[in-house]
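Heads up, the thing below is written out as structure tokens.
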Amino acid sequence: MTPTHFSFTTAFILGLMGVAFHRTHLLSALLCLEGMMLSLFIALSVWSFQMGVTNFTPAPMMLLAFSACEASAGLALLVATARTHGTDRLQNLNLLQC
């Protein structure tokens, strides 16, 4: 495994561990998801550049577009929960309440 692949894999795993273990605030979970998407974007870009695959070059840009859509939806949810519940702590959110 090259150092480049190791750094992308480490960044993705750290983001995944942040989502899995440090679920206190919604904002921290969203930042971990964005870190995971950014590492995937860079890994796909480097992979298509190293392999010389020309028909795969739009895939990283599509991933980046979906990542931007995910970020905007996440921030909209963050604002909505902060307005209704007064905080962004995930433990205060109860999905069973109306």
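Note: Cβ is positioned from N, Cα and C throughout, glycine not excepted.
Over in TrEMBL, the protein carries these features:
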TRANSMEM  6-22  transmembrane segment
TRANSMEM  29-49  transmembrane segment
TRANSMEM  61-80  transmembrane segment
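Distant neighbours of the transmembrane segment (61-80): 26-27, 30, 33-34, 37-38, 40-41, 44, 88; these residues of the same chain sit at least 6 beyond its ends, with a Cβ under 8 Å from one of its Cβ atoms. Among residues of the same chain six or more beyond the transmembrane segment (6-22), those with a C-beta under 8 A of the stretch's C-beta atoms are 28-29, 31-33, 35-36, 38-40, 42-43, 46.
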